Amino acid sequence: MASRILMNIKEEVTCPICLELLTEPLSLDCGHSFCQACITANHKKSMLHQGERSCPLCRISYPSENLRPNRHLANIVERLREVMLSPEEGQKVDHCARHGEKLLLFCQQDGNVICWLCERSQEHRGHHTLLVEEVAQTYRENLQVALETMRQKQQDAEKLEADVREEQASWKIQIRDDKTNIMAEFKQLRDILDCEESNELQILEKEEKNILKRLTQSENDMVLQTQSMGVLISDLEHRLQGSVMELLQGVDEVIKRVKNVTLQKPKTFLNEKRRVFRAPDLKGMLQVFKELTEVQRYWVHVTLVPSHLSCAVISEDERQVRYQERIHQSFGKVKYFYGVLGSPSIRSGKHYWEVDVSNKSAWILGVCVSLKCTANRNGPRIENYQPKNGYWVIGLWNAGNYSAFQDSVKYSDFQDGSHSATYGPLIVPLFMTICPNRVGVFLDYEACTVSFFNVTSNGFLIYKFSNCRFSDSVFPYFSPMTCELPMTLCSPRS
């Protein structure tokens, strides 16, 4: 009986983690107790959130600071160790609690150690028994295998637990990124609508200002007409009310003035055909926005390559170029410009970059195979800006003429009385409702296309070169022309 009670007490003070008697026991809020080393090692595995952990047995969460030493339990363990190590108790453990005989046999049916009197009792009659020494090694090996199996299963369980936590963290990151992308895209859509609204209001305000100005002028004309008539009426009234001499003096001139008076009617604008506002094609705008977003996925970092032949000043970070007039030894003071190339060179793939051309009155940009423009006393020549010469570019001339440069057309040129045929580029006019401050360039080497986008106008396509013949590497191309304001390469976040 005493041994059974002792075993029950031992079970109560055994650590559920290491299955040994508790060492420096710590108790949780749920009432369970563990060795200090065991529960501390378990902290990392049972981390929940914000410093909270869970009990390995009941999974109830608890704050880290609520771990408290259990002195009473530690005293019980200490007393139990003393009892188990005493010779008397050791003798009691080795002897049958019922008969007092030594436990030398093992009953295979019941799985317990018994004494020789137990073997002969009615309870164990007919059971197969063996000496404890004979079965101890076998069961020790079986238990060792079972222990290894459980340890492996525990490792597998811990790995599964870690996998779940990792998947949970991964999902949180994905959802967070999706939220960020959704918010960013809807913000861009709202920006597009705000921009369209602002443009429409500016057009309306401009129309209002123009009409009111004309109406004000018309009103002033009517006031002058009324005042002129009032003066003439006063003259007539004075003559009628005065003497005969006053009546007849210059009367023919007055009558002539009255006959020449023509009532000028004010010009009205009610019947003028006004532009009717139509809501923007949201579907089309979204499609344009989608196309711009798609090509922006291929944004590359482009830098400018300095050239000693170019009258260009490139910034230290090689991201900005502006025109600077220089003195050439052969020509004297001559405005000449070759343009500058961008790096890297492109032999394959899809590439996108953006250029800020704000407030510039002239510029040319795109891609080219090499620099072929020739110096000219009158400024940069455009004869070579043609696809067949390796240039796929668009540009701005005279602060308002946007053009794309296609392959040459033949035209006649008369110089010094002689006739010659010149081949200039086919200049394709480009019409834009909103002038671009920022131009996007997209090169698809395999598709043989170069596209230009008006980023200022929500990414609408400006022009597209198709069936381009890229026989070799091509480079980004930039020419600020003779306008001293800079061209600046943009970054994705600018």
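Backbone N, Cα and C define each Cβ position, glycine as well.
For Ala2, the entry in Swiss-Prot reads N-acetylalanine, with the evidence type similarity to another entry.
Listed as Cβ neighbours of the zinc finger (15-59) (distance under 8 Å, sequence separation of 6 or more from its ends, same chain) are residues 66-70, 73-74, 77, 80-81, 158, 161. Annotation source Swiss-Prot lists zinc finger at 15-59 (among others).
For Ser86, the entry in Swiss-Prot reads phosphoserine.
According to Swiss-Prot, the zinc finger annotation covers 91-132 (among others).
According to its DSSP assignment, Cys96 (Zn(2+) binding site) is coil. The number of other CB atoms found within 10 A of the CB of Cys96 (Zn(2+) binding site), across every protein chain shown, is 19. According to Swiss-Prot, the Zn(2+) binding site annotation covers Cys96, His99, Cys118, His124.
Look at Swiss-Prot and you will find 132-222 tagged as coiled coil.
The annotation region 'Required for interaction with GABARAP and for autophagy' is assigned in Swiss-Prot to 186-199.
Summarising the annotation, Swiss-Prot assigns domain 'B30.2/SPRY' to 280-494.
Neighbour list (His124 (Zn(2+) binding site), Cβ cut-off 8 Å, at least 6 residues apart, same chain): Cys107, Gln109, Asp110, Ile114, Cys118. Helix, strand and coil residue tallies for the region 'Required for interaction with GABARAP and for autophagy' (186-199), in that order: 14 helix, 0 strand, 0 coil [DSSP].
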